[in-house]
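If you look up TrEMBL, you'll see 127-470 marked as domain 'Myotubularin phosphatase'. According to TrEMBL, the feature substrate binding site maps to Asn294, Arg295, Ala296, Lys297, Asn319, Ile320, Cys381, Ser382, Asp383, Gly384, Trp385, Asp386, Arg387. Among the features that TrEMBL reports, domain 'Tyrosine specific protein phosphatases' is placed at 350-394. The annotation active site, phosphocysteine intermediate is assigned in TrEMBL to Cys381.
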Amino acid sequence: QVPFTVLQGEGVEYLGHANDAVIAISNYRLHIKFKDSVINVPLRMMESVECRDMFQLHIVCKDSKVIRYLCHFSTFKQCQEWLKRLTRAIARPAKPEDLFAFAYHAWCLGVCVDEEDQHAHLCRPGDHVRYRFEMELVRMGFDLQNVWRVSDINNNYKLCSSYPQKLLVPVWITDKELENVASFRSWKRIPVVVYRHVRNGAVIARCSQPEISWWGWRNADDEYLVTSIAKACALNPGVKAAGGVQHSGGSDGSEPCDTDFDSSLTACSGVENAGTPQKLLILDARSYTAAVANRAKGGGCECEEYYPNCEVVFMGMANIHSIRNSFQYLRAVCSQVPDPSNWLSALESTKWLQHLSVMLKAAVLVSSAVDREGRPVLVHCSDGWDRTPQIVALAKILLDPYYRTMEGFQVLVESDWLDFGHKFGDRCGHQEKVEDQNEQCPVFLQWLDAVHQLLKQFPCLFEFNEAFLV
């Protein structure tokens, strides 16, 4: 008998006994039931499995957990058989549809599923998911009549395959100009606005690096778009800057909520003046050296001389290769029996916390520029799908209490990570038939750790706790 309740679309492929447990492998999980405890690990959470001491399995997980002495088999042959089964189960899929998520989704949406099923509602998202883009525009108070517009130039992903289909830009920027900008930005990831501070009108935009190369190429439309973002902020000032009165009701006409008051983690009021464009901050997540080195590969960074009323700041965040190595060192340290005498020095040597510190510093810089100075900010790294969402999403959590609710956090992840093309398949090792380990990196896990650090410091400012993150 299967020792657990299967999910919709889940099928048990192997079921057997070890000396001290019942062991089962489905198309979703490894489940081991001992007399007094249970081990339940999703297959896609496992990075590797091996046989230790001839009769025991040893699993290394992608979230840094290491499961030792999984269960004890009576013979070496039996242990090897289960090792082969697990190795096949956790192998990269031949095609994306082989991932359990697709089977689960199909079954939950199937006509045979009872409407009262506890999992059916998970595949029937609410309005905050279906219409999150439109709802966010209203919630953040974008003036879509006079200042901003939603461009459909990326309809069916014809402009950029890794961008959402609806893009927010200043109203006077034409689609033809956006096409020209796309030819100048890496992977055609143009500057688009993703957040607006309701109280002062400052925005956060994101993009990829400009393709300057060693020749020092320029693009007039790109320069115009970047400076136009700052001008649009001045034309669409916030409640305080416009001299308005804070409404007593919520942003959607409901009861007042945290988003209608100054409750950002930066804890400072917005600017009071409007009309003159604030100096736009271009935050490059890379170091200056790395940005210049990218010119050899056709990339580069903005030159302040060509972008009037803009300031470029480099954060020096490490690339995915350094983060991957740091995480491997961290996992090795955590999997060993701790030695109190050198635990802290061993942890420091992994540089994991230093990398987190730089990420948090970048997010604080963005949120402070927006909240305290009323300045618009443009964030990018090289391609704009790793360090950029880390900074932008973390800054939005600092600025807006909505993203600290369970609903808002879901909207945040779907908007800033999924819609803007973070390579989950490559970074998590889920991509089909790809054996290049250099593309794997716990970018999203690192960001979750940064959110966890904020949770520890400000537990009362979040609707959820650590259990929600894992």
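Backbone N, Cα and C define each Cβ position, glycine as well.
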>> Could you tell me the mean pLDDT the prediction assigns to the domain 'Tyrosine specific protein phosphatases' (350-394)?
In response: 98
> Quick one: DSSP breakdown of the domain 'Tyrosine specific protein phosphatases' (350-394) into helix, strand and coil?
Replying inline: 28 helix, 4 strand, 13 coil
> Hey, of the binding-site residues listed (Asn294, Asn319), which one tops the CB count within 10 A?
Replying inline: Asn294
> Ranked by the number of other Cβ atoms within 10 Å of their own Cβ, which of the binding-site residues Ala296, Cys381 ranks first?
Replying inline: Cys381
> When you measure from the Cβ of Asp383 (substrate binding site), which residues in the chain that are at least 6 apart have a Cβ under 8 Å away?
Replying inline: Ser186, Trp187, Arg189, Ser208, Gln209
> Near Trp385 (substrate binding site), how many other Cβ atoms are within 10 Å of its Cβ?
Replying inline: 23
>> Applying a 10 Å Cβ distance cut-off over all chains shown, what neighbour count does Arg387 (substrate binding site) have?
In response: 28
